[in-house]
C-alpha cells in the first residue's frame, strides 16, 4: 500500500518567469543584465553547455523561427531538482525579454503589442509549437539541436525572479535600472505571485549597487534577495529554490547564503576537482610526447576527469593537460642537461687532463682544442640544428654524448674553469703529498708503531694543513707506517733466524713457558732490530710465537719464506725434471686407487649441495672423470645437507677421505649452516690422529643462479661471505657472472680453479705419493741429505742443475718429490745414492729418526741467519756422520769487500776443521759447479757407512725399548708436528693392527736384510763390541707396541718370538716408511689406546712405563726412574749427555767409544747450550711452582713412593731390572678421592655415589647409562674410534652437570657429540666408589682364565659371573651387551672386541698394582673383558659358545712362534701382540707361558 501511495504522488511542477531590465541599447545599455546566463546556468549547469553570449538583436527570420516563434520570451526547458528537503520537483523556466530587429534596431512586432513591463507581468503564456532555447547558434539551425516543445504550447506562471544587474554596465545608469525595476515590481505585485530579487553578475558587482539593491528590497515587504553569479555558478540554484519555497508554502524556508560565502564553497569545490584531475593527468601522462586526443579518451570514464570538465569545461581541462606536457618536456630537457653537465668534467679529464696544455686557454680556445682530440667524438656530438634542447636530440636516449653546442652555455664555461682549478689544486696537493712523504722518510722521529698523535708535531706545518685534510696525511702516514713496520718485521724475522740455535736449544713446544719467553727477550733485547718494534710489543711477541710454532711445527706453510720455501722450489724442479715417471712408478700409480682421485665434499643446505653435485657431474665424462690441464682425474663427490654429527652426513667415512670441501650458501641461514657444520666437523676430530679435517682446504661460494650481481641483499651476502672466509681462512669465490648460462650455480672455470687448488693441497700433503717398499730402500747404497736455507740469495736451480742434468740422475723409487737417485763411481765400485734435497727445517726431524749416511749443508756467506741455521742443525748430528759444508758467495771481489762474507767464510771453514768435515765455497756468479766437487765427501761416507748403519740400528731398537714419551718432547728428536712437504703416516687412515706386522709378504725381505746386515758386521772386527752391545740390548728390552711397559729379562731360548718382533719393529721403524719422512702427530701405535689415557710428556724424570694404578682411584700413574739425568734434553735421545742410561746402566765401554754429537766437538756449536740445562721441557701449565719442589726431592736422594732404590751389583740382573721398574714403598699409599670432572664446580648427588643408590629393583640400570647407550646406539655406532677418542672435558662436565639437575635430559636436543657422551659414560663408572667388577670377583676371574681348555674356561667364567652382586650383574650385562653391538660394526667404527676391551678394562676393573701378580695379570684382565664381549650371548643369554673370528686350525694365529733371532729363515707365524710385558720368572704365570699363548690364539 505504501509503495502504491508513493507511486501515486505526483512530482510538483512550477513555472517560473525570469524578468528584468530589457529593451533597446538605450534602455539597457550595451549588454543585458544577465537573465539568459542565469537561465542557462540553472537549466544546463555543465561548463561546456554554458554560453556567455545570448544576443537579443535578431533578424526577422530568426525572430519568426520556431525557437523565438514571434514571441518576446524564451522557453528554456524543463528542470528537475531535489530541494533541501530531498523532495524532487520540476520547473519550467521562461525568460521575458525584448528582441530587437537587426535592421531597424527597434523591438520586433509581435502578436502582443504591450510594453515590456506589462508583458513581463503576464501569468498566462501561450505559443504553439515553441521550441526549447539553447543558445544563439541554435537560431536558424534548429534541426542540429534537441527539439523539445513548450508543454501544450502554454504556461501559467507561478512566480517571478526579478533580476538586477549590480555590475558596472556600459552606457547604463544604475539608478535608472532601479526605477525600471521598481515599476516592474509594482506591476508584478499586482499578480499576487511570489517574487524574488536576484542580483546578477555579483562576480563583477559594485558594492554601492548591491547595497542600494538591498535597500530597495527592504523597502518592500517580505522581498528576499539572492546574490548570484551565473559565470561562477554561485547561488544560481539557490535563487530558484528560494522562489519555489515561496510558491509552495508547505516547504521549509531556504537559507539564503551570502555571495562571498557561496563563492568560497564553489571555489573549494573547483580546486578539489582540479587537484584530482591534475593527479589523474600526472598518473596517466608520463611522456612529453603524448597528445590530448588519446589521453582524453583514456580519461573519459574517470570521475576526476568528469567532475572537472563539469565544473570548468573541456577547454580548461585541455589547458591543464598542455601545461603538464610542457612541464614534462622541461623536466626532461633539464635532466638531459644535468647529465651532460655531469659528464662534461669527465670529458675534460679524459681529453685535456694535462694542466700544461690548457693552463692559459680560454673556453673558446679550449673548445677548438677539444675538436682536435682523437677521442672527441666519443664524448661529444655535433648537431646540425641548434640549440640542442629544441631538436629531436632530446629524445635520442641511446646517444649519451654531449651536444657540442652546450659548450657555448655559461654552465659549461663555469665547469671548464672548475676543471682548470681542479688541475691546479691537484698539482699542488701532489706536491704537498710528495713533500710530506719526504718528511716522513727523512725524519728520525718516525719509528715503527709510533702513533699519529705523537708524530704529527714533528712533521706537520701550516702549508700541509692548507692544502690537504688531516685524514689524507693520516692515510699517507698509515701507509708509511705499514712499510716501515713490514720492513722492521722482516728484519726482526731475520734476527730470529740468526738466533736459531737459541730456539732449538730451548726445546720449545707449542706453548712455551714464561721463563723461556723471558730468556728469548733477554738474549735479543740489546739487538737494534728487537728495539725497533718496541712500540709494537704485542706484534713482536706474536712474531716470536709464530717463529716458535715454525720451530716446533716446521712446514712449507709456516716457513718464514713462504711461498718461496726451498721445499716447494725443490719439488717443482724435481717434478719438472722427471715428467715421465719410471715403469715402477707407473705400476704403483695404477695400483694406487687414490693417485688420480679427488674426493670432494659439497656442503650446503636446502638442496644446494645436491644441485651443485649434479651440475659438476654433468661436466664430467660418463665414468665421473674430470679433465684438468689435459690430465684426467677421477672425481668423487659427497654432497652433505644435514647435521654433520650424524654418521650419514659425516665428512669422512672408511671409504671416503676428503681432499677438500665446497661450502655453498645463498642466504644468511645457509651461511650459518656452513659455519656451524665446519665448526662441528673440526670439533669432532680434535684429539684424533686423523684430525686433518681441521686443515681441510675449504672454498666458500655464494650461489647466484641468475647471475644477478646487483641489489643490497646480494652485496650484504658477499660481505658476510668474505668475513666468514677470512675467519675460516678459506678461499671465497664471487658469484658467477651473468654470462655463464641459464640455471648454473657455478661455472666450469670456477670448478677447475677449485680442483686445481685441491690438487696442490693434496700434493703438499703427499696424499698421492706412494710409500717406498723395503726392496726399494734396500737397493740404495747411500742416503745423503742436502740441506738448503730458505730465503738465501741464491737460486736452488743453480745448485741442483749439476745433479738433475747428470746422466746418472734418476727419479726416486719411493715416489718422494724431494729425492733423486744417483749412480756414481766411488772408489772402484758404482754406488747408488739417494739424494734428498730439503730445507733445514725439514731436515731437523730426520737427524735421529731416519738413516742418513751424510749431510751436504749449504749456507750463504753474506747472510748470518743462513750460517746460524747450519750451526743449529749440526748441534744434534752424531759425530760419525760425514758433513760437507758449502759456502755460497758472490765472487772473490765481494768476499774481499764484504767483512761479513769474510767472517762467515772463515767461521764455516773453522767449523769444518773442528768436526773433521769438508768445506768448499762456490761463487753464485759461477754458472754451475760440478758434481765431482763432492766425490771426496762421498768417499768419506762410504768409509763410515757400516758404523753409521750399526749405530742407527742400535739407537732405533733402544728407542723402541724405552719410553715413548722421550720421542715427543723435543723438536730435534722428531717433532711430533713436523711434516713439512713429506708424506703423512698412512696409519691414520686405516686402523693399525695389534700385531707387529700386517702384511706377511714383507717378512722375507726383512729377514734377508737381517742376514745381510749380520754378514757385514761379522766381517768388521772393529764393530765387535757394538754388535755384542746391540745384542745385549735386544736381550734386555722388548719394544712396546701399545704403550710403555716395564723392561723384563728373559732367555732367548724361551722367547725368541718376542725378540724377533722387537728387532723387526726397529727395522720397520727405520725402513718401512718413506725415507726422510718426519713423524706424524702424537700417534700411539695401538689404535685402541684411549686418547685420554695417553701419557703426556713429563719433565725432569724419565717415565719407565704407565699403567692404571690404585683400584680406589682409577687413575693413570707413572712409575719413573729418577736416576736418569734430568738435564739431558729429555727427548733428543742423546746418550752422550747422560751420566747413566736405562739401556746401558752398569756397562762400561771397552773397545769403541759411543758416538757423540757435533756440539761436543766444536766450540762454535751450541753457544746457547747453557740454556738447554736450565729448563725442563714443558709449557706454563707443566712448569708451575711444583718444579722447585720436584727438583728438591730429586736432589735429596731416593725418596718418595715412586723412587727406585739402587741395588748391589752382584744381584741377579733380571731381578734387579724388574725391581728397579716396579719397586714401591712398602707403605701402602693412602687412598685419595678420584679427581672427577664433575666434582670440580659442584657437589653431585648422582655421580661418584655407590651403584646401589642410583638403581632400583624396577629400574636396575642407571638412567644416565641407559640414556648414554641409547644415544650412542642411535647416532654413534658408525663413529670411527668410538670409546677410543675422548670427548671434550668441558662438554663432559656440562653434560653431567645438566643431567644432575634434570634426569629427563634429552641428549639429542643438546647436540652433544658422540665422543662426549661416550666419555661421560666411562666417567660414570670411573667415579663409582667400587669398580663395576668387584675386587673379590677379579681374583676368581683371573683363576678361571688360567684354565687351558677353552670351553671349561668359558663355563668357569660364567660361574664367577653368577656370583656378582645383583646390581653389578645387571649393569655389567647391559654394558657388555652394548659393547657387543658396537663390535659388530667394527668394519665401520674400527673398534673390535679386542679394541673395546683395551679401552674398557681399566674402567670396569681398576685393579690394584701393589703386587707383582696384579701387575702381570693386566693382559689377563683385558682378555677377560674381551671374552665377555665376544661371548656375550653365551654369558648372558644362554646361547651356545660362538667360534672366534680368524681361529681356524692351521691359521697363523693358531701356531706357536718358532722364528729364530737374526736368521734368514722366513717368518711364517704372527704371534699374539704383547699388550703387556711377558711374565717374569717370579710370576706364577711363567710355567704357563707357552700354553697360554697357544690358548689365547685359540680364543
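These residue numbers are counts, starting from 1, taken along the chain as shown.
Using the three backbone atoms N, Cα and C, a Cβ is placed for every residue, glycine included.
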Consult Swiss-Prot and report the residue, out of 232, 1032, 1179, annotated as phosphoserine.
1179
Report which of 589, 684, 1070, 1469 appears in Swiss-Prot with the annotation phosphoserine.
589
Based on the annotations in Swiss-Prot, which residue of 443, 801, 975 is described as phosphoserine?
975
Summarise the model confidence on the domain 'pG2 pseudoGTPase' (783-947) as a single mean pLDDT, whole number.
85
Cα-to-Cα gap, residue 28 (GTP binding site) vs residue 1284 (site 'Arginine finger'), nearest whole Å:
124
As a quick check of your reading of DSSP, tell me how many residues in the domain 'FF 4' (485-550) are helical, how many are strand and how many are coil.
52 helix, 0 strand, 14 coil
Cβ neighbour count within 10 Å of residue 28 (GTP binding site):
24
Using DSSP and three states only, what is residue 96 (GTP binding site)?
strand
Could you state the CA-to-CA distance between residue 52 (GTP binding site) and residue 1284 (site 'Arginine finger') to the nearest Å?
109
Euclidean distance between Cα atoms of residue 1284 (site 'Arginine finger') and residue 96 (GTP binding site), Å:
121
Between 52, 202, which of the binding-site residues has its C-beta surrounded by the fewest other C-beta atoms within 10 Å?
52
Report the member of 35, 1284 (the recorded positions) whose C-beta atom has the most other C-beta atoms within 10 angstroms.
1284
